[in-house]
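Below is one structure, written out as structure tokens; comments come after it.
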Amino acid sequence: SSAAKSTYLIQMKRHKMPEKYSTAAEWYSDHFLSHTKPSSSSSSEKFDGLLYTYSSAFHGYAAVLAPEEVDAVRGSDAVAGVMEDRVYRVQTTRSPEFLGLDGVDGFLGGYNLTEINVSTSNVIVGVIDTGIWPEDPSFGDGGLPPVPKGWRGGCDSGIVCNNKLIGARALYAGYNQANGETGAQSPRDTDGHGSHTAGTAAGSPVANAGLFGYATGTARGIASQARLSIYKACYPQGCYASDIAAAMDRAISDGVHIISISLAAGNVPYNNDVIAIGAFAATANGILVSAAAGNGGPAPGSVLNLAPWILTVGAGTIDRTFPAYAKLGNGNVYTGISVYNGTGMGKNLVPLVYNAGGGDSSLCLAGSLNSSAVSGKVVVCDRGVNERVDKALAVMDAGGVGMILANTAAQGEDIEADPDLIPGMDLGYAEATAVRAYATAGRSPTAGLSFGGTSVNVKPAPVVAAFSARGPNALTPQILKPDLIGPGVNILAAWSQAVSPTGLPEDSRVTPFNILSGTSMSCPHISGVSAILKAIHPDWSPSAIKSALITTSYTIDNTNSPIEDSVDSSVATPFVLGAGHVDPAKAVSPGLVYDANVTDYVSFLCWSNYTAESISTIAGGRNVTCPEANGVDDPGQLNYPSFSVVFVSGGRPVSYTRVVTNVGNGPSTYVVSVTAPSAATIVVIPKELVFGAKGQKLQYTSTFGSNRGANATAGNAFGAISWISNTTQVTSPVAFTW
């Protein structure tokens with residue numbers, strides 16, 4: 001019956017179109033008729049129910065179908081997918097909605113969204129990066145009240161402050177010294193990275209945003225009502241430690257509430273790391289520091305920004321992609337990703353080539369391709385060594401007409417979108433391997449590339465990005481890092497108009513938005529969420545905010561399965577995603593928090609065998625005296641919201657005591673739930689925590705035992721400790737290392 005019918009979008013396999021059709025629209029119409037029961041035989045009515053036939057953004061048609069007709073359509077070999085229509089709201093980068101920041105019925109975790117927006121306008125996010133493009137619409141101040149009282153920052157000459165962008169400073173003495181420059185540097189962003197991170201954290205809403213027709217909607221930062229203060233410490237030759245230190249110093253003195261820093265160095269001791277030192281000072285002043293975990297994944301132990309007073313952020317995907325298709329001469333079609341916006345390749349296939357010149361030609365390094373071998377062809381380029389967009393440029397310079405960027409085992413199924421100058425796409429490792437094999441089979445291989453626009457509600461999501469740096473913590477194995485993950489793959493945000501979207505000199509395009517991937521992108525997402533928590537709970541310490549984010553993170557994706565690692569589709573462990581993916585709606589009401597202060601962090605450094613002199617360097621010159629070693633000193637004793645247990649000395653048990661603070665309203669009772677791997681045991685005492693009032697602190701002790709015995713070989717296992725009330729679950733991941 002007509003009442004049982006619904007609207008569906010049917011995506012067709014274009015390569016399956018029979019030759020008898022001159023247009024895809026004709027094929028789509030016939031396909032609709034052959035799988036439905038027309039309400040009338042008249043030529044004018046038999047197409048009733050066929051709403052659209054698409055030609056560019058979507059390959060297929062939209063139709064009103066009964067349940068049995070849907071089943072028939074799904075069974076067609078020519079159909080790539082069927083999705084039910086749904087109501088959409090104008091949106092963007094999509095990550096705010098993916099994070100649930102639109103709330104439910106005007107509320108976010110029990111807090112009124114209107115009131116949150118008002119409070120968030122009193123929060124200032126400091127971004128240390130490559131500067132700002134102030135004219136970008138993401139930094140407009142429409143509707144914002146005057147600058148919060150007590151603000152001490154301002155804008156350098158050439159940058160006009162407003163009620164959104166309330167500070168912009170360039171710190172450049174170190175850069176000038178190292179590069180022989182003498183003039184003043186401007187906070188203006190000529191790289192794009194800084195504008196992107198600032199816009200992600202706290203950009204104003206901008207309607208009709210997008211990149212060349214991709215990811216269209218309303219772009220807005222995570223804390224869109226918060227204020228921004230920019231500290232430029234990065235230049236074409238890099239970010240000098242002296243300038244970073246000056247930027248952090250200035251941010252603290254100006255009065256920011258959150259510092260977002262998408263920078264990292266190697267794993268040097270905390271007392272030699274300006275970010276760790278600056279973050280300690282910020283924490284002492286009540287300022288949370290959110291930092292990128294680094295893009296060194298999937299190598300174990302690659303995670304950076306390891307200090308426990310820093311919130312360390314890894315990267316995952318969101319439920320949006322930009323599908324691109326590689327059709328091969330053997331009939332196979334492989335799906336990747338691209339935001340190429342130029343003239344397509346048409347229907348005709350062209351020759352396909354891979355590693356034709358030997359040597360470095362498989363990597364498509366600059367100058368490595370022989371024009372006679374690649375001219376007029378689609379070139380397969382192995383990912384790695386040089387930048388992705390540089391590979392497409394190398395292909396273009398050699399006369400190639402298209403590029404398939406082929407992932408290696410190092411990137412796995414982690415694919416990223418680029419606005420290449422020629423038709424180009426990124427393919428995951430499994431499909432890239434098949435394309436390489438076809439291209440080298442010696443049977444005149446051919447290929448063609450086509451592009452499918454923007455697709456949302458992708459599953460599974462989130463997935464941890466292959467590049468997202470991994471644990472264990474190389475400096476302090478007893479502290480679990482990264483802390484959590486956030487959206488960091490193919491993120492749309494503000495962009496400098498002083499540089500093209502590829503950053504290549506050969507690219508003359510200008511755009512106010514760009515799509516980037518990296519833990520540089522996930523970090524400002526978490527910075528923005530932290531700003532919202534600061535607005536709702538202005539009396540919370542940085543460690544309380546961090547605890548709320550960690551203990552409420554989730555580990556189940558939108559298919560109701562454990563979050564996967566894009567390297568090999570395995571279940572992501574706490575060394576890969578920390579506690580899980582950020583969940584703002586739960587973080588605003590975490591129930592319990594694991595708080596810590598400067599004294600606790602000094603004790604941590606003592607337990608980590610830093611000298612009093614070194615600790616004083618980190619702690620801003622404080623006079624430090626470490627107690628005599630008592631034989632059980634262990635940095636894992638820090639009141640941290642996660643556990644990383646290292647078994648030594650024959651696998652003897654490890655015990656840690658934690659203190660939790662009730663931040664819920666009124667009395668509450670929590671009961672412990674433990675998940676332990678077969679190789680270890682977890683015993684928690686007491687098993688119940690009864691709080692009589694908000695603000696009360698109670699402690700518990702967890703004892704971790706090894707079932708592997710004294711001769712255990714190196715390895716890892718994982719578990720969790722959860723405290724559960726009738727309304728809240730507070731979960732700490734546990735990592736075990738032998």
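Glycine too: its Cβ is placed from the backbone N, Cα and C atoms.
Sequence annotations record features per position, and here TrEMBL assigns active site, charge relay system to D129 (among others). Other C-beta atoms found within 10 angstroms of the C-beta of D129 (active site, charge relay system) number 26, with every protein chain shown included.
Residues annotated as active site, charge relay system in TrEMBL: H193 (among others). The Cβ neighbour count for H193 (active site, charge relay system), using a 10 Å radius and every protein chain shown, is 23.
Under a cutoff of 8 A between CB atoms, and with a sequence separation of 6+ in the same chain, the neighbours of S520 (active site, charge relay system) are H193, H196, T197, S262, A292, N295, G488. Summarising the annotation, TrEMBL assigns active site, charge relay system to S520 (among others).
Residues annotated as domain 'Inhibitor I9' in TrEMBL: 7-90.
The annotation domain 'Peptidase S8/S53' is assigned in TrEMBL to 121-559.
Residues annotated as domain 'PA' in TrEMBL: 351-434. Regional average pLDDT for the domain 'PA' (351-434) in the model is 92.
Per TrEMBL, domain 'Subtilisin-like protease fibronectin type-III' is recorded for 637-735.
What TrEMBL lists as region 'Disordered' is 181-201. Beyond its flanks by at least six residues, the region 'Disordered' (181-201) meets 93, 95, 125, 127, 129-134, 136, 138-139, 155-156, 158-159, 168-170, 172, 175, 219, 221-223, 226, 228, 230, 232, 234-236, 258, 260, 262, 491, 493-496, 498-499, 501, 503, 514, 516, 520-521, 523-525, 527-528, 531 of its own chain at Cβ-Cβ distances under 8 Å.
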Inset, instruction - Could you break down the residues of the domain 'Subtilisin-like protease fibronectin type-III' (637-735) into DSSP helix, strand and coil, giving a count for each? - result: 1 helix, 57 strand, 41 coil
Legend entry - DSSP-assigned states of the domain 'PA' (351-434) in counts, ordered helix, strand, coil: 23 helix, 20 strand, 41 coil
